[in-house]
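Asker: Per TrEMBL, the features are:
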- 23-286: domain 'NADH:quinone oxidoreductase/Mrp antiporter transmembrane' (DOMAIN)
- 60-80: transmembrane segment (TRANSMEM)
- 92-115: transmembrane segment (TRANSMEM)
- 151-170: transmembrane segment (TRANSMEM)
- 177-195: transmembrane segment (TRANSMEM)
- 201-221: transmembrane segment (TRANSMEM)
- 233-253: transmembrane segment (TRANSMEM)
- 273-293: transmembrane segment (TRANSMEM)
- 289-342: domain 'NADH dehydrogenase subunit 2 C-terminal' (DOMAIN)
Amino acid sequence: MNPYILAILLFGLGLGTTITFASSHWLLAWMGLEMNTLAIIPLMAQHHHPRAVEATTKYFLTQAAAAATLLFASVTNAWLTGQWEIQQITHPLPSTMITLALALKIGLAPLHAWLPEVLQGLDLTTGLILSTWQKLAPFALILQLQPSNSTLLIILGLTSTLIGGWGGLNQTQLRKILAYSSIAHLGWMILILQFSPSITLLTLLTYLIMTFSTFLVFKLNKSTNINTLATSWAKAPAMTALTPLILLSLGGLPPLTGFMPKWLILQELTKQGLAPTATLAALSALLSLYFYLRLSYTMTLTISPNNLTGSTPWRLPSTQLTYPLATSTAMTICLLPLTPAISALLTS
């Protein structure tokens, strides 16, 4: 892609998200979301592969449906209450509609079906943008909204953690596994949103760091399915040794960074008298942990077939920058001891 066009599209992505962040009016927030969607579409379709075009079409249709629902709900709210302010949603009908529209935008279960399909059709770089940056603007709106319907959020959160775990169990494609991982993590964030927005922000931050590391590892390996992970030990032995730690951090095992948000969320849910919800969420994390362990096992404890197609990638040096990967990997593995400091920063 022409670097000038790429720069304009990335600027559009940044501007769309910034407009949504800065807006207090529903029309302005909607405009930011639309800019975001329209800026990423050429990035998704840049390879002109039938799968990429199909993924782009699916993404466009779902985002357009979510944006239309959001606009309809905000107009309904203005009609019922005379308010266009984001934080002045008092009527339950527009509040519920907006929550569901934003859930469709970020891919929360049961409105998640588009996410694995879309992510599977993209290359890893665009997939990384879709899994991280594209979640920020809708999340900012959900955080400002503080929906009145608390049961809806708990249902969305629990459904997402369960479906995110179950859906990834039978997958062999890494991008689909990462999509289900994303759904499960978003479920954890939504579960705690109404009780402690600061923990939601912390979970979002750790999710972004861990997902960034995982995508960069797969990009360095040029891996798109589980079998090609087995060739990585000959190309980058140090990275192959560290990758299981990144994956287990995504799964939420102590003493890795990914344990921090899960620990704080379960603690807060128990404080709020929602012990059954916390138990169900903790059990659903075991489902996700299974497929992260499966990836770790394939990568470190199996050797790929020694045929020509299997051995060729070993001899091809990667041109990818490793500084971002080194930084994000260190953060993915080592941040747990800083939990008190990070919590204090977020709550102050």
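Note that Cβ sites are derived from N, Cα and C of the backbone, with glycine treated the same way.
A description of the local structural setting of each listed feature is requested, covering burial, neighbours and distances.
Answerer: With a cut-off of 8 Å between Cβ atoms, the residues of this chain six or more beyond the transmembrane segment (92-115) that come close are 33, 58-59, 62-63, 65-67, 69-70, 72-74, 76-77, 80, 134-135, 138-139, 141-142, 145, 147-149, 152-153, 156-157, 159-160, 162-164, 179, 182-183, 186-187, 190.
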Asker: Looking only at the domain 'NADH dehydrogenase subunit 2 C-terminal' (289-342), what is the mean pLDDT?
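Answerer: That region's mean pLDDT is 81.
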Asker: So, do the transmembrane segment (151-170) and the transmembrane segment (273-293) meet, by the test of 3 or more Cβ pairs under 8 Å (sequence gap 6 or more)?
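Answerer: When sequence-distant Cβ pairs are counted, the transmembrane segment (273-293) touches the transmembrane segment (151-170), since at least 3 lie under 8 Å.
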Asker: Could you give the residue numbers and ranges of same-chain residues that sit at least 6 residues beyond the transmembrane segment (233-253) on either side and whose C-beta is under 8 angstroms from one of its C-beta atoms?
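Answerer: Hits for the transmembrane segment (233-253): 181, 210-211, 213-214, 217, 220-221, 259, 261-262, 285, 288-289, 292-293, 295-296, 299-300, 303, 313-314, 318, 325, 329, 332-333.
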